[in-house]
């Protein structure tokens, strides 16, 4: 007993040691990726705050008031709002506006895409441990938002705008930070002109962005020590300035100085908030870049180093300026835009209020308190930042608007195309009346028909067989869909089902990806698909009674775990491996087709690297004859070859549509489709096996 306790204690000690090692390693790396903007903010906050008429108020009380505003803004927004509250609302380790929107879509029917299924809620990453299903959560507000489509559209636009403001802020902030750093050289090098400063800054920016493709972890390790040394230096310098110039600066930690500041400065003080706001530039990066790290590592780095060092630096600058006010420089800083930063925070505040209600399932009162408290602070800063729009704040707004229009046009066109497919899908009654041959010639092989529908037969199928009355022996309707989770476990990715009776040899495969999953060419999709269908056939035979085995209702799907190979009636062997006691099916391809395929595989590096396998049906005596027959048909079809059938769609607006809709569909959406990767390229489909069917969508 004592020995078991000792082993358990040792294992627990090793576990915690590994946990803390990983925690501090990620915290160290976060300095080089997350905190670059926050760390360089002291370069321009005071100069930007005093770039307007506030420089006419040259006294100690004004300096103390500015520092008090900086201190409380830095404490309430990054520390209280983000570190303590917002970081806890991560979506399985992912952050940002899209992560919050994904959480909302999983806990309420806010998504505008209609291809969600009840089976998606069974994913292990769909709900957090201890959370209830959304079907058990009912509230008048939830029903009201789900009922009104316009409100859900507004929510999507708010999320898109917030995400686009992150992009707009990311375009300008690095340039401003680098330019501010390089301009500091002019303090000692008096002969250094502004044009030379710009050239040096451009060279530094090109070098920084050239390193990005090396990977986040390499960039983090490279810049983390630089940022840490910078923070420690400015923290020590700030402490020195406090002691040397004005030790009484600590009095301004009282919010009473904020009230005195606005009484003395009035409208000039309100306008200066646009510059003070820059002290929290980069705060959203703590949440947006959460996917690279963990919430604990970001919290440790901020609380232990970022917060104390920056507070000391801002305090030291205020102590120095209270005795040397004339040293505040205002050139260039009048045009630094902070509207992008505060807009993203404002959007996050609104989304967090909804998260508190629908995800955390707290009382509406808590959400209102959060919204009123942080929303009012950010609204004041936002109103001040609007004054800077003519001086340069228009740049991130224009960029964000352009990106938002592109995103929404793509979303709108994709949704309309899906609705057209849904309204024009082939009825199962028509399929059943055709009989097992479907009224066409069934040729050897597997036909993979790609569609966005999760139920029913797409119109592309009827369009194909009408023009070419022949199809493959085995038909699989493949739907590649996105699920509102960051990652879908590989073992839960495939949903397999049957369409129609067993004799029809028609199946459905739904491949699910999260919004952070990368659809890589793993060179194994065809083999995994065949194995998954074989497992489904066995599973169905075991679960279905003998009297109802010949039929399977439409929509019956099962999660097939690709990692489980035990119990499979199919044996996978390398193509050149010797044959044992199993049934082999030879390929029925012609010699000409084989030579063409061999030439294609030699010329294509991707295809040539694929593992060549063959499937064999196990010689198990206990296997049901009907199962063996179906598995033999599946293996025979696989050996004959796999063809990919996709729709080459042209989307047009109806003649009766409004001018705006015609412009969006016929011009904007069409332009985006022509200039984006095609579905065949995105899904890594080999061109030699691809068949495209032309379709016109009138939406």
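Glycine is treated like the rest: Cβ placed from N, Cα and C.
What TrEMBL says about this protein:
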- 26-337: domain 'K+ potassium transporter integral membrane' (DOMAIN)
- 338-432: domain 'K+ potassium transporter integral membrane' (DOMAIN)
- 444-697: domain 'K+ potassium transporter C-terminal' (DOMAIN)
- 23-43: transmembrane segment (TRANSMEM)
- 63-84: transmembrane segment (TRANSMEM)
- 153-175: transmembrane segment (TRANSMEM)
- 195-212: transmembrane segment (TRANSMEM)
- 219-243: transmembrane segment (TRANSMEM)
- 270-288: transmembrane segment (TRANSMEM)
- 300-316: transmembrane segment (TRANSMEM)
- 336-359: transmembrane segment (TRANSMEM)
- 366-387: transmembrane segment (TRANSMEM)
- 393-410: transmembrane segment (TRANSMEM)
- 430-450: transmembrane segment (TRANSMEM)
Q. Is it the case that the transmembrane segment (300-316) and the transmembrane segment (393-410) have 3 or more CB pairs under 8 Å, with pairs at least 6 apart in sequence?
A. no
Q) Where among 23-43, 63-84, 153-175, 219-243, 270-288 do we find the most Cβ pairs under 8 Å to the transmembrane segment (336-359)? A) 153-175
Q | Chain residues outside the transmembrane segment (430-450) and at least six past its termini with a C-beta under 8 angstroms from it | A | 457-458, 460-462, 465, 469-480, 499-501, 503-506, 529-530, 588, 634, 636-638, 640-647, 679, 683
Q: With Cβ distances under 8 Å as the criterion, find the stretch in 23-43, 63-84, 153-175, 270-288, 393-410 that has the most pairs with the transmembrane segment (219-243).
A: 23-43
**Q.** Taken over the domain 'K+ potassium transporter C-terminal' (444-697), the model's mean pLDDT
**A.** 78
Q: Work out, from DSSP, the number of helix, strand and coil residues along the domain 'K+ potassium transporter integral membrane' (338-432).
A: 85 helix, 1 strand, 9 coil
